[in-house]
């Protein structure tokens, strides 16, 4: 074996656990120490950060599971770190790109793993969901030549965001080889969501931290003195997420999944823990002030009820849910938060709701006139940022479907609807074929979450933001893996 192949084997395959690996690590440590002593702490600190970055990069190549959860951790906390360094030190950290880079390194690690195992088939990616993703990517590629899209910078950023989601899907397809892998992912999701809910509760009960208040003052100044977190007398909380909507929608997803899992074949201790988590998810969702999130929960649970209507637990669960909903809607509660929850179901004269309807009415003729739309990220805030002169730049649309129709035309709207339909069809087909009670419960929860997000996209366009977008695409992968795992167990 040549020297190059020997070093490659020691570093990549044996993960430095060889004499040569120990020697390399020792030399690096000595060099960093000597340069720190000679050039000062600042230079040494820079070298330490560089060494740490290299170590993390190697970790992504060597331990794919740890790297996978590290990328998810950054996805959850990146916005908080960005706010902290921006407000306290006026430093703009590109932590969103860190998540992208970690996922790319993990994908490279998968290539190395495949090469080491001499597996060039990539059979694990061959399924209907992957195929519909490829169709969507092909359509996005066609959009590059959209004659109305003059400034391509928004398109490039969209490709970057989409690539991260697709890579997370591929990584999950590769890593989830056992039932315990799905359990580990769900535990990680619930722990992160619980921390988010708990932090949102502390913001509600004790107020914002000084750093967060500086951030609120900053965005208030950008809005001309109007605090965007205050709506109808409610001070909406963001926890450590990018905005109240992302916070609320993640809480809704987590609540739907935890409630569905409570009906599964798990120990009483596990169900009690899920019930406690659900309570915090409800509080976090309520404090976010996100009406879309309030509507997501019953939407997802209705689908779950229809799929499991013959189950006695489902009937009891549904009866309790209906009673709770009636009490919430018509009980003697009179505070701004409860009123905001009610407007998500019974409608109101809320100015923001009327404004959304008016925007849709004004934008619809443009959809018919432009079958391929005006170009990706050409409308609203991003449109004004990247291409201020674009005809869609004045249109600030909240609905994800309306935004898709404006920017990619009615053809693009059909493509995205097919994109969402295929995972639902695959998941429902698997639900009625899988016999393992635990795996069936996972399928039911995932389908309820995906359906709730599909409904939410009618009024929101933040479905693909971090970390919710990554979770969604990982759930797509779990839909594919579950029947394969059942065959392995049998």
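Residue numbering: from 1, along the chain as shown.
Cβ coordinates come from backbone N, Cα and C, glycine included.
Looking at 226-243, 298-315, 316-333, the stretch flagged in TrEMBL as transmembrane segment turns out to be 316-333.
Looking at 270-287, 342-359, the range tied to transmembrane segment in TrEMBL is 270-287. Given the ranges 20-37, 74-91, the record in TrEMBL names 20-37 as transmembrane segment. Counted over residue pairs 6 or more apart, the CB atoms of the transmembrane segment (188-208) and the transmembrane segment (93-112) come under 8 Å in fewer than three pairs, which marks the two as apart.
Annotation: stretch 440-459 has the most Cβ pairs under 8 Å to the transmembrane segment (245-263), among 93-112, 124-145, 409-428, 440-459, 465-482. Each residue of the domain 'O-antigen ligase-related' (277-417) gets a DSSP state, and the totals for helix, strand and coil are 103 helix, 0 strand, 38 coil.
Confidence across the domain 'O-antigen ligase-related' (277-417), taken as the mean pLDDT and rounded to a whole number, stands at 83. Across 93-112, 124-145, 465-482, the stretch most heavily in contact with the transmembrane segment (440-459), judged by Cβ pairs under 8 Å, is 465-482.
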